[in-house]
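What Swiss-Prot records for 9, 57, 85, 91, 102, 112 is ATP binding site. Here Swiss-Prot flags 115 as active site, pros-phosphohistidine intermediate.
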């Protein structure tokens, strides 16, 4: 079973859409194996998004991700990484497919509700960034 990391970003939390987003995620067949609410410091957000450090949006991304609480989730499903990317939609909600999480709930490319790992390799790294092995509950169903 494959795992991926999702982060319900500060705009999702501020707009009180945590439940709606998790409902969409679970309805798509994902199992939540770890979840917590946290607030990233600028340093922690910068470390998590270090891969984007040279990109022009890096500073804004770090500011945004440290602007309020967020909810990291470790999700499990066959083909989890690719399926979750499909479920959340394009980074820019204006370009996202109908019915995707970003199309339904996001306001802009910068505040787009949710993060999803972009590869199986990055999913492993990202899950480890937020969760210990002990925090991940094996799916017993």
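Each residue, glycine too, has its Cβ placed from N, Cα and C.
Taking the features listed in Swiss-Prot, we show where each one sits on the structure.
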residue	record	contacts (Cβ under 8 Å, 6+ apart)
9	ATP binding site	64, 65, 70, 111, 112, 113, 114, 115
57	ATP binding site	110
85	ATP binding site	116, 118
91	ATP binding site	102, 109, 112
Taking all protein chains shown into account, the Cβ-based neighbour count within 10 Å for the residue listed as 'active site, pros-phosphohistidine intermediate' is 21
Of all C-alpha pairs drawn from the ATP-binding set 9, 57, 85, 91, 102, 112, the farthest apart lie at a distance in Å of 20
Row residue 112 (ATP binding site), column other C-beta within 10 angstroms, all chains, value 23
Residue 91 (ATP binding site) falls, by three-state DSSP, under coil
